[in-house]
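*Asks:* Annotations per Swiss-Prot:
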| type | residues | note |
| --- | --- | --- |
| REGION | 17-62 | region 'Disordered' |
| COMPBIAS | 51-62 | compositional bias 'Basic and acidic residues' |
| TRANSMEM | 110-130 | transmembrane segment |
| TRANSMEM | 168-188 | transmembrane segment |
| TRANSMEM | 200-220 | transmembrane segment |
| TRANSMEM | 227-247 | transmembrane segment |
| TRANSMEM | 267-287 | transmembrane segment |
| TRANSMEM | 294-314 | transmembrane segment |
| CARBOHYD | ASN335 | N-linked glycosylation site |
| TRANSMEM | 338-358 | transmembrane segment |
| TRANSMEM | 367-391 | transmembrane segment |
| TRANSMEM | 398-419 | transmembrane segment |
| TRANSMEM | 429-449 | transmembrane segment |
| TRANSMEM | 460-480 | transmembrane segment |
| TRANSMEM | 541-561 | transmembrane segment |
Amino acid sequence: MGQAEFNARTDASAEISAFAVRAEPDSEPVSEKQGTAETDAETGAGGTEVPAERNGEDDVERTPKKSLSFKLAFIGLAASMFVFQVDATALGIALPTIAADLKGESLESFWANLSYTLCGLVMQPVWASISTAFGRKPPLYVSMALFFIGSIVFAVAQNMNTIIVGRVLQGFGGGGIDVLAEVILADMTTLEERSKYLGLMAIPMAIGNIMGPSVGALFATYASWRWIGWVNLPLLGIGTPLVFFFLKLRPVPLDASLAKNLNRLDWIGMVLVVVGITIFVLPLSWAGSLFPWGAWQTLVPLFLGVAVLVIFAFYEARPDAPIVPHRLFHSKTGNMTLVGGFLHGAVLVSLLQYLPLIYQAVQLETAILSAVSLLPTVIISVVVAAISMMLVPWFGGYVWILRLAWVILTLGTGLLALFDVGSSSSMRLGLPILWGAGVALLRLNLLPMQASVKNVDDTGLAIGQFLTIRMFGGLVGLTISATIFNSVFSTSISATAVHLTGPLAPLKDVANAVAFIDKLRSIDVPVETRDQVLRVYLKCFQTIFYTMTGLSGLGLVTSLFVDEIDLKSQGLGNQRFEE
């Protein structure tokens, strides 16, 4: 959909994730409790044995009460995630203003938007692998530094090429912040207490994710788009010192030789996964906008990307420390969780993109007012996140809450199709609330089902794998939604009696449909004509909602195949928090 569709290709990694993983010598899925009971010593990443009391009764005594250092470190991680979530969703709405100011072309705008998402996507499994080999903190510090530098480069840019460079650096850093904060949270908490800290972290993440478009619109309209970059610096300045001074994790034993340490990494696997994902994602991003779906520019890289990823999958059976170990797929619960994560990403990211647009296109609200209309949904999401912290102990597990979350999300997504031209204020404000509640409940209870991934050394790899699949699901969901929008709009506008002349002439090209939304409030056409155009837009959004309802229902089906996990284990990750 041209320039406007480029804006739709935004990152929206707005979920909370943590995996529960334990060390076991065999390959059968077991609970954390079993894993702790059956081992008298825990083997660290470097092969060093840790006495049993450090992993058994001692943990039971220490974990219920958290120290001040733990709490401050957690606040630092949550603050860093808030910055990442705001930045991830702020650019899309401001990109037309940036392109106009810097005289950027459509292709440059495309890369400015895609580079952030793509770099964050491909680097998540890489950062996770590095953190497993060298410890969590060094790559986290590097990620924060890259994000900080990228924000400055973006803020001072004088041309679109510099904007792209800044977004690439921010993508590298943001992807690391996202995955490593999740991994560290899993290391720091037991399975029983994890829902509490997931709920606490969900609050700044949900607020940041929804605030992003409003921040972008406010700066682009009333100040300068450069503040989208500058505002990251003081916000990151809150979280970084807290993490640096108070995050005390058990170090990973390293060899004296740098070469031996570097040999721990699966270099070939990293190259294959980065190249494969990049080649595969690019045609998904430009299909229907830069090139048609049937063009060789779309099909050739798509098939090449699949081929490289297949090679990567087979190759990962060879390294001693693969980036994606095959043992991660030995659990039915883990596999169903991955499928659920993909579907969750598709539904969430698509609706985060198109919900504000239905307010602007059908209800004729400005970008800022559309964000205000979604505030009740944000508030409910935060409340549900807080309540969910208590639900897991009450239910005695995650499975039934997970299924309830999918039911609520399916119903809430279906209700969005009730939007209509001239809907009442109560309808406009209330329809997305159930969807928001389902999203909040699901994001907190989906990922802990990865308890069947049992090797404690695989914590980072498993989370990196999940976040990559979830983000990839979001990109696929956006592609599906954009294709639906194009197809339905083209068919529906042709079926109306509206003459696409004068101020409506741009709508002859479906690529202009989203960009034209801003003009709907002021076009000089008869009321009946505008009403017909608005109903064409409405039909596009309703079809997207119907499709996402189906995907949500499929997610509910996946939850029927997951097994309950034991909440009584007090086991922590190898790189656990230490006083």
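Note: Cβ is positioned from N, Cα and C throughout, glycine not excepted.
What's the neighbourhood like for these features in this structure?
*Replies:* Long-range contacts of the transmembrane segment (267-287) within the same chain, counting only residues at least 6 positions beyond its ends with a Cβ under 8 Å from a Cβ of the stretch, are 9, 110, 114, 118, 121-123, 125-126, 129, 293, 297-299, 301-302, 304-306, 308-309, 311-312, 315-316, 319, 322-324, 468, 472, 475-476, 479, 483.
Residues within less than 8 Å, Cβ to Cβ, of ASN335 (N-linked glycosylation site) and separated from it by at least 6 positions along the same chain comprise PHE329.
Long-range neighbours of the transmembrane segment (338-358) within the same chain, counting only residues 6 or more positions beyond its ends whose Cβ lies under 8 Å from a Cβ of the stretch, are 8, 10, 12, 14-15, 89, 92, 209, 213, 367, 370-371, 374, 402, 406, 409, 413, 416, 419, 432, 435, 439, 442-443, 446-447, 465-466, 469-478, 480-481, 485, 514, 517, 537-538, 541, 544-545, 548, 551-552, 554-555, 558-559.
Within the chain, the transmembrane segment (398-419) has long-range Cβ neighbours (under 8 A, six or more residues past its boundaries) at 195, 340, 347, 351, 355, 358, 362, 388, 391-392, 427-428, 431-439, 441-442, 445-446, 448-449, 538, 541-542, 545-546, 548-549, 552-553, 555-556, 559-560, 562-565.
Here the transmembrane segment (541-561) has long-range neighbours at 332-333, 336-337, 339-340, 343-344, 346-347, 350-351, 354, 357-358, 361-362, 399, 402-403, 406-407, 409-410, 413-414, 416-417, 419, 438, 477, 480-481, 484-485, 488, meaning same-chain residues at least 6 beyond its ends whose C-beta is under 8 angstroms from one of its own.
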*Asks:* Quick one: find which recorded stretch in 227-247, 367-391, 429-449 has the most Cβ pairs under 8 Å with the transmembrane segment (200-220).
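*Replies:* Highest pair count goes to 367-391.
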*Asks:* Could you check whether the transmembrane segment (367-391) and the transmembrane segment (294-314) come into contact, where contact means at least 3 Cβ pairs under 8 Å with the two residues of each pair 6 or more apart in sequence?
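*Replies:* Contact between the transmembrane segment (367-391) and the transmembrane segment (294-314): absent.
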